[in-house]
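> My questions all concern the structure below.
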Amino acid sequence: MLLRHAPDLSEREVTPRDLYVNRRQILAGFGGLMIAGAGNVQAAVKSPFSTQETPTSLKDITSYNNFYEFGTDKSDPARNAGRLTVKPWKVKIDGMVGKPGDYDLDDILKGMTIEERIYRMRCVEGWSMVIPWNGFPLASLLTRVEPLSGAKYVAFETLVRPSEMPGQAGLFKILDWPYVEGLRLDEAMHPLTLLATGLYGENLPNQNGAPLRLVVPWKYGFKGIKSIVRISLTDKEPRTSWNIQAPQEYGFYSNVNPAVDHPRWSQATERRIGDTGGLFAKRRPTLPFNGYADQVAGLYTGMDLRKFY
Amino acid sequence: MAIANLRFQPRLATWPVYLAGLLPALWYVYQIFHGDLGADPVKTLEHAMGEWALRFLILGLAITPLRREFGISLLKYRRAVGLTAFLYVVLHLLVYLLLDQGLDWAAIWADIIKRPYITIGMAGFLLLLPLAGTSFNAAIRWIGGRNWNRLHKLVYPAVLAGAVHYVLLVKSWPLEPLVYLGIVLMLLGWRVWRRA
């Protein structure tokens, strides 16, 4: 596959993260928290896949989350995710792979190069952020576990632990747990597809899907399944949580597409969180495949994207 | 009947109710300048104004049942509650038109005709217009208490529209909009039950 780099790539925006991390360490040092602070920092190499757009603030990225396992309000995850135990963490990898098993996350991370990938994130609700993720390509992990030749899809599953995830504990089930997601194998193997382990140079905050989450920047945010405990390779299209909940509204593909509206709201524009202009910031036009069309449109050649929404 | 009773009520000042009704709006104005409306301040304002509109509309609907079932008469304050509700409906609409859509009339019109929750919300707003426009004593005299009462029954479909508007815009079935809709259905159901 011919892979072109995004036209807006630049190293310009990448430097501030180092400054940011340094500043944080200095501040942490002042607070007598040098060890804790330093322990959180993830070394990451820069990536040509990063956008040069200004990243959304850490505060906004970590306080405005859809993670229904911790409640339906966007402030709930930041409030409730603190008690989630993310260490130790095991990921079951099964299905059509040569090396199935229950892998400890530490073992998965051994030998992986953690990259910084600054990606746009477009929520299906009509807002967007720019997030400096840390992580490694999903392809690196899949290659390691050796997909069998018949495998066509990858299915993902989030942790179910009502004792630590209050959104799963109520009588009123907002979604059918566990949260499940899926990708076609070629989407999963695409170099843009990331398994994130951190953001802003630090370990992933729990509310953002710690310790391991999927990031597929050309798809709506809900495809980016959080706190992953299981990855299965299969030859059948996996069921996905929002498609189960409302099939006429959320399809399997869920590629960002300004031309295909959500049945209840337009997808033509988006509000960029933290945009300059504050209350009076204008909505921005939403781009096909969230601006990653050059890299991924080829995956869908010949497909009617209105039908496969 | 409700109107005729008005002039026999003890002369209680209504301005404290108007003032109290303004407090949420003032608090949000303060938050705009000094506080924190969160990552998406436009949505925060839009939702807050809509929710306060629903709360005051529900309070207005509760006044008659409170009197009939519990002997608590707040009739004197019904106009203040109703106008306050209308203020929040207008603020909610203004946030949507000005801040959310940036007066992009093409997008707004597309929303109104294509999106049932916007259509229903807008219908609710239109239903409230004649009510707000006749919320002064001279209007009651002009059109007559009987007609005025009949006209103001439009508040029932308007509140229902507001609650349905909320339920239709959320993903999945979170509890809060359903609670509002439940309360509205109870208060409207009470009226049906009384007449039966």
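The count begins at 1 with the first shown residue.
Glycine residues also receive a Cβ, built from the backbone N, Cα and C atoms like all the rest.
Those TrEMBL annotations? Automatic predictions, nothing curated.
Here's the feature list from TrEMBL:
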type: DOMAIN; residues: B:50-162; note: domain 'Ferric oxidoreductase'
type: TRANSMEM; residues: B:12-32; note: transmembrane segment
type: TRANSMEM; residues: B:52-68; note: transmembrane segment
type: TRANSMEM; residues: B:80-99; note: transmembrane segment
type: TRANSMEM; residues: B:119-142; note: transmembrane segment
type: TRANSMEM; residues: B:154-171; note: transmembrane segment
type: TRANSMEM; residues: B:177-193; note: transmembrane segment
> For the domain 'Ferric oxidoreductase' (B:50-162), provide the mean pLDDT of the predicted model.
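Summarising the domain 'Ferric oxidoreductase' (B:50-162) by its mean pLDDT gives 96.
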> Can the transmembrane segment (B:154-171) be said to touch the transmembrane segment (B:52-68) if we require at least 3 CB pairs below 8 Å and skip pairs under 6 apart in sequence?
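Contact criterion met.
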> Quick one: find which recorded stretch in B:12-32, B:52-68, B:119-142, B:177-193 has the most Cβ pairs under 8 Å with the transmembrane segment (B:80-99).
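Comparing B:12-32, B:52-68, B:119-142, B:177-193 against the transmembrane segment (B:80-99), the winner is B:52-68.
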> Can you work out which residues elsewhere in the same chain, 6+ from the ends of the transmembrane segment (B:177-193), have a Cβ less than 8 Å from its Cβ atoms?
54, 58, 61-62, 64-65, 156, 159-160, 162-164, 166-167, 169-170
> Provide the three-state DSSP residue tally for the domain 'Ferric oxidoreductase' (B:50-162): helix first, then strand, then coil.
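Across the domain 'Ferric oxidoreductase' (B:50-162), the residues distribute as 100 helix, 0 strand, 13 coil.
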> Please indicate, using numbers and ranges, the residues of the same chain that are 6 or more beyond the transmembrane segment (B:52-68) and have a C-beta under 8 Å from a C-beta there.
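Cβ under 8 Å, 6 or more out: 2, 21, 24-25, 74-75, 77-78, 81-82, 84-86, 88-89, 91-92, 155-156, 158-159, 162-163, 166, 180, 183-184, 187-188, 190-191, 194.
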